[in-house]
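Just below is one structure, and these are the notes that go with it.
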Ligand SMILES: Nc1ncnc2c1ncn2[C@@H]1O[C@H](COP(=O)(O)OP(=O)(O)OP(=O)(O)O)[C@@H](O)[C@H]1O
């Protein structure tokens, strides 16, 4: 027995060593470049193939093949990737989401390239570099880990590496050659990948899909080490390796044996699921690259061409028609990504799991093998499968509530791998399973017609989710999650909706794919497919249904030839090119398509670029007009209900407009009922609607940022908070808005305790905020931006409220139809304010509202804010511009070190501060 324990431990150490190598490589690359290299496994696979090519095909000595593969090819590949793929991305601003898409692109490109070069079949003759004796492998790993750890800790290069990781720009300013550091990190990471590949290849299946996935399954090791600690990574890897092999000794009876067997074979996948779903998150700040979701205008007539092309296969016969059957089915699967990723902005690498579950459930239901349910006709089975898989969308939807970017990518990848290993690969679920087509649709042509009908239904469902109130809310969430929350969008609920709808669509497509080939094929829903589909949809315009259909046609059409891998290679190249254009390939496409459309429509040589410039000029001119027309004489004339100095003239009021013109007569857009023309008006002045804080305390870890804040925001008053940097103003603001939770104290509104209410719920109560850093939705037009604010609150008539808000801030007319992405800062500040006003706020929280505005714009803003106060809105303004504060505020609170140290009318407080200044 003891010798069995010893043997199993040795076997486990061997597996664990390979996993530790991967962990070391991933951590070093991540630390040097900030990139979690999804292509690590693919580099391992390519190196294993190249070593086999050198030794087996060309007859080189093993040492020569190994030297070329590990010392030349692998580091060279790393340096090439750094130089031509990832360096341009870091120069363009280092958007982590773009690097994620690019690394998935490299993965797909290498997998596709290997399939093209070496075929898709598995090889079992990979040369053995280090014997299966684990001590040799373990020694390699420990020496590597110790060497890397020493270099990072004790050498100048290590210090440079840590500086680059902390802040690349600062490190460059300090004279560090960040590119050299990154290149070294990539070269070393690729070397460890190559070593892993050549060590593993003789003992596992060497094929373009299996080996990369096997290597990436152990990413858990690096995540468990928080992408930092090499010793932790090595220990975790060895522990899982040994644990996995020891599990094979246990032989419980009954179903437990099957469970234990699958656990024993997939302990790294369990660790991946735990690490991705349970452990503290990594890389939470990144979202989808903006370029991936930019509006891509549909070329005129494109839909007609698409309809004709999709009808064309009805005229095909034989294998052509049989192949075409996969296109509409895959199109439906990819539409699920349009909803989740394109519109909702959520990275999802696990859609293949939902598609596979759709196919599996359809097959089980149609075969009468689904527990507790009778045998169903195929179409009923498909419909029920869709309904059953939809709620499983929560598997990835739930983690998405608290995760973004890299963390979400890992979580969804983990779910994809977990479902593949624990469901699709298990004989108890899939052995001997066949899947027929519905009665009457057995032939390819009839089945294709059925698919077209279901594809049309899926397009209709996708359209429902991408247009109207839901579509705008999804786009708002994608463009700026915090901004969407502030506009009242129930972000967590919307994420769940996106993932549930996405799972349903993927299941429908998966079921159709299965029926198309008359079988449930686990390989068709491999997690690698999830990566390929994600990359394909992302590069062809994630928020474009036409893009998804094109991707489906490309993926099926290009792989229909004798050699697979063409489609993957092409999609990989496109995804890798994400960083090679300023603004990404989508932007190039967008501008190109815009130019073409204008030429076609007008027949003049007016380019889209020209249009954009004209749009900006118009917007700027309108901003000036707004600033000018909102002159003091045009401010509301009725007496203010509160003692707000609403008619106080300041230097900013008296300033001429930016172009020196005199303010033209006429108010911006007054209305008879209210001063602002807004929907709330006098109703806001309800005396009980007071926002108060009592003994508010907030912390960041052990640091106390707020300490015992008591504040009252009465209706009809403007309250200003001023103080030096770091005083705690933003923290206070965030506590009131619901984006930071206080550790002690209470926030009450209209007699209700709202301390723990989330941001969107506060907005729906009437407490709305704007942001110091603009939080507009760039892919929506100005009007749509404002409409989101009106729709998500309980405004009875959103379009009238939007219209009022747009008029009040002079955003109506042609300006309202421009995408927010193209507008100057001053206009965007108004858009954000209009969005807040459209919801009819009773309390308005403004964080540095004058930042980025010129003098006339500040003056105009002041007049609008005074008018709002006069209408009964309670305003809180956090502001550094003391002139503005003096002009606006009824009460000023001075903060320092997390406390309010002085309060009173502005003239008193500001004079006291001015008097203290010389002695300070
Ligand atoms: N996320 C955070 N983690 C740790 N400390 C933080 C964090 N955010 C703020 N702090 C600290 O809390 C204190 C208050 O910060 P806060 O941003 O609220 O001040 P502020 O008055 O708004 O400053 P500024 O005018 O520069 O925006 C500061 O010392 C700041 O360093």
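Every residue number used here counts from 1 along the chain in the order it is shown.
Yeah, the Cβs are placed from backbone N, Cα and C, and that goes for glycine too.
Pulled from TrEMBL, these are the features on record:
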COMPBIAS  626-637  compositional bias 'Low complexity'
COMPBIAS  645-661  compositional bias 'Low complexity'
DOMAIN    691-918  domain 'ABC transporter'
REGION    620-685  region 'Disordered'
TRANSMEM  6-28  transmembrane segment
TRANSMEM  35-51  transmembrane segment
TRANSMEM  63-85  transmembrane segment
TRANSMEM  183-203  transmembrane segment
TRANSMEM  230-247  transmembrane segment
TRANSMEM  300-317  transmembrane segment
TRANSMEM  352-373  transmembrane segment
TRANSMEM  379-398  transmembrane segment
TRANSMEM  445-465  transmembrane segment
TRANSMEM  496-520  transmembrane segment
TRANSMEM  532-558  transmembrane segment
TRANSMEM  565-583  transmembrane segment
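Regional average pLDDT for the domain 'ABC transporter' (691-918) in the model is 90.
The transmembrane segment (496-520) and the transmembrane segment (63-85) are not in contact, since fewer than 3 Cβ pairs between them lie under 8 Å (pairs 6 or more apart in sequence). For the transmembrane segment (445-465), the list of distant contacts is 310-311, 313-314, 321, 324-325, 328-329, 331-332, 335, 338-339, 343, 437-438, 471, 474, 498, 501, 505, 508-509, 512, 515-516, 545: same-chain residues at least six beyond its ends, Cβ to Cβ under 8 Å. Highest Cβ contact count with the transmembrane segment (63-85) among the listed stretches 183-203, 230-247, 379-398 falls to 183-203 (criterion: pairs under 8 Å). Looking at 35-51, 183-203, 230-247, 300-317, 352-373, the range that has the most CB pairs within less than 8 A of the transmembrane segment (532-558) turns out to be 300-317. With a threshold of 8 Å between CB atoms, the same-chain residues lying at least 6 positions outside the transmembrane segment (35-51) that come near it are 22, 25-26, 29, 65-66, 68-70, 73-74, 77-78, 81, 86, 96, 99-100, 103-104, 106-107, 110-111, 113-114, 117-118, 123, 126-127, 129, 189-190, 193-198, 200-201, 206, 208, 211-216, 219, 222, 227, 283, 406, 409-410, 531. Same-chain residues lying 6 or more positions outside the transmembrane segment (183-203) and placing a CB less than 8 Å from one of its CB atoms are 17-18, 21-22, 24-26, 28-29, 31-33, 37, 40-41, 43-48, 51-52, 66, 69-71, 73-79, 81-83, 86, 126-130, 132, 137, 140, 144, 148, 157, 161, 211, 214-215.
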